[in-house]
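Notes for the one structure printed next.
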């Protein structure tokens, strides 16, 4: 007698176009319609399994059952991740490389990052006071680019900042794009990888000497399990894997501004300077608004879970956005409520805006701590250190666009620094 259950299956030859059309809601919509946290479909011409929820996240991050190597579509590798980056590694190789990333996330280094972020916000607000209007998303990307480079020990000239900001942004803005936007994203990555490769060569030749605790120094001199230096191409990819995600925090900064505008009562609460409430607000922004839609892996070997058969090599998608809006996990998930984090216990599988699992042993985003600290500084500036007006504009955002940002990119005007 068989114990294998029939997995709910989406009809159709291929559903890639539906995923592109529905974006963040694709998996969640079908979880609702099938009344199931797991279903089968076809994506990019191949069988795929989509799943969401806390239990699904727990099994997805089981490294005995899933692997990351060769899971991401090539067009995403060519724009977002780069080749041979930490996201595509498994086993001891992944663990060793991940330790390189975690080595720059010490409390002291995060404090340095916080100080740098504050200084860059100060400079930006001074500039904004002289501007008729500020397109916050574009300006936030530049703040984040300057912050990332200074913290990572990457020397960048003033006349290079605009180019680098634009190109780092293009890498994550084009990850789900087709046509010209995709090719612009690929060109942006190729250009900056070559630029960083040349910089790493100069570090190794002794011509550039970044501080020892910085990304550029550590990644330039990192040795793999065999004791070899990373080839310059891979080292450059990993340096960009620090810079690019910090620039992407501009998306969250945009949503912070949107939340402050839509929920003015929250802004009043934040003016008290309560650090705990600031943390709760930041976490709710990360939960409530769209960032990563899903993550992908391949089934490592045949196994059965909840009566469903997973066959080796099957592409599997974990619903990040949907898990953060799962009513089984979150009460009133479509209501913006920072208070829900007052007694939150910090599960690594129920709250997964940037992925789940363990920081050191698993594939949870190493930069999550960076994101939270930078967001708290940004929230403080938008709440307590400057005044501004939000003129009429289109603040809606599309759940089909990946990544999603408000259509107007949040325009503010009449910026005044508080004394």
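Every residue, even glycine, has its Cβ placed from backbone N, Cα and C.
All protein chains considered, the CB of residue 94 (heme binding site) has 20 other CB atoms within 10 Å. The feature heme binding site is assigned by Swiss-Prot to 61, 68, 94, 98, 365.
Annotation comment: Swiss-Prot describes 244 as substrate binding site, evidence class experimental evidence. In three-state terms derived from DSSP, residue 244 (substrate binding site) belongs to a helical segment.
Residue 98 (heme binding site) sits 17 Å from residue 244 (substrate binding site), taking the CA atoms of both as reference points.
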